Amino acid sequence: MNDIARHLADPATASLAASARSACYIGLMSGTSLDGVDGVLVSAADGQVFADAYLPFPNDLRETLMVLQAPSDNELHREALAANALVRVYAECVAQLLATAGLPASAIAAIGAHGQTIRHRPGEFDGIGYTRQLNAPALLAELTNIDVVADIRSRDVAAGGQGAPLVPAYHQAMFSDAGETRVVCNLGGISNVTILPAAALGQPVSGFDCGPGNALLDGWAARHLGQSYDDGGAWGATGRVDPALLAALLGEPYFRQTPPKSTGRDLFHAAWLDARLTAFPKLSPVDVQATLVALTAQCVADDVLRFAPDCRGFYACGGGTRNHALMQAIADRLPGVSVATTDTLGVPPHQVEARAFAWLAERCVTRQPGNLSSVTGARGPRILGAIYPR
């Protein structure tokens, strides 16, 4: 038995499992920002969070994940080893969550482990397409001695859906309001929105990926600052938006597609940006960064105004909420809309995605659908995920 398994199976705290108020779930999410893994340990009964954790990826793992997002030779070998390395970080996150909460592994019904998306091409090629998340759920079950729910997106894709975004079902359960149309926006590597119509309207929930979130911003900051991100958006805030570059970036056909739609780093990557920058050789790096802030803000705001014109509450989550320039740019483009983070609704922005995958794990274990066909375009509700027993 390895050190992680010994820690998680420690009988000294086993009595705590019997006193747990209900089944608990762990949600693990590593998103397109490629910065690390967020984890939460949450009660299924009332949503109480007993612990949350964040573990940054080691630099070598982050670089490997970046490389795997672009087609190249010998991918299968590198993918398998990278999955093992990724899951070891996941297992450390689980151990940290349990230690913080003071609970043994036996108190956890299941881990919802999303994995790391490296390809997302639903509906393409053969009419079905695919989505691929780097993961090794059998190894995670072995390391933690906890059941693992994984491969959460592919069932929706098999049913003709986009497989993304999946968190709108959780947003609906947590954030809907009877009298107010709300938008919940995840500012991760890719930005996406969930439109929650006022319950009294009787309209379906919708949601989709808007376009780049932090992916291009972080990549540009890494290239020119030698940092993994622009801390607080301070650097970009000193630049000037270039209208011609912004127009060129907004010319991407994806922005004109109608939902359901989803995207990822398959499209919005460094080469995509570099190809458009060739026509602007004299722009300073800081002005490019300012324009990338405007790009993310514009594509999000345009989608809100187009698809949720009656929105009065905009609530952001994800790492982009720490970019003050980005949050202000979104607010400037949504006059008359209250722009805040999900803290206002009682859920810290960094917890939303991980809590969603804990919720999706519970849905799988209890055999309840986890998708919204009005969001993904699937042929109907489906139970998402595959269970890897401990």
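A Cβ is built for glycine as well, from the same backbone N, Cα and C atoms used for every other residue.
Note: TrEMBL annotation is automatic and uncurated.
Under the heading ATP binding site, TrEMBL lists G31, T32, S33, L34, D35, G36, V37, D38.
Most buried of the binding-site residues G31, G36, judged by other Cβ atoms within 10 Å, is G31. Neighbour counts of Cβ atoms within 10 Å were taken for the binding-site residues T32, S33; the minimum is at S33.
The number of other CB atoms found within 10 A of the CB of D35 (ATP binding site), across every protein chain shown, is 20. V37 (ATP binding site) carries a strand DSSP state (E or B). Within 8 Å of the Cβ centroid of the ATP site, not counting the listed residues G31, T32, S33, L34, D35, G36, V37, D38, the chain contributes M29, S30, F57, G188, G189, G319.
Under a cutoff of 8 A between CB atoms, and with a sequence separation of 6+ in the same chain, the neighbours of D38 (ATP binding site) are L28, M29, S30, D52, A53, Y54, H350, Q351, E353, A354.
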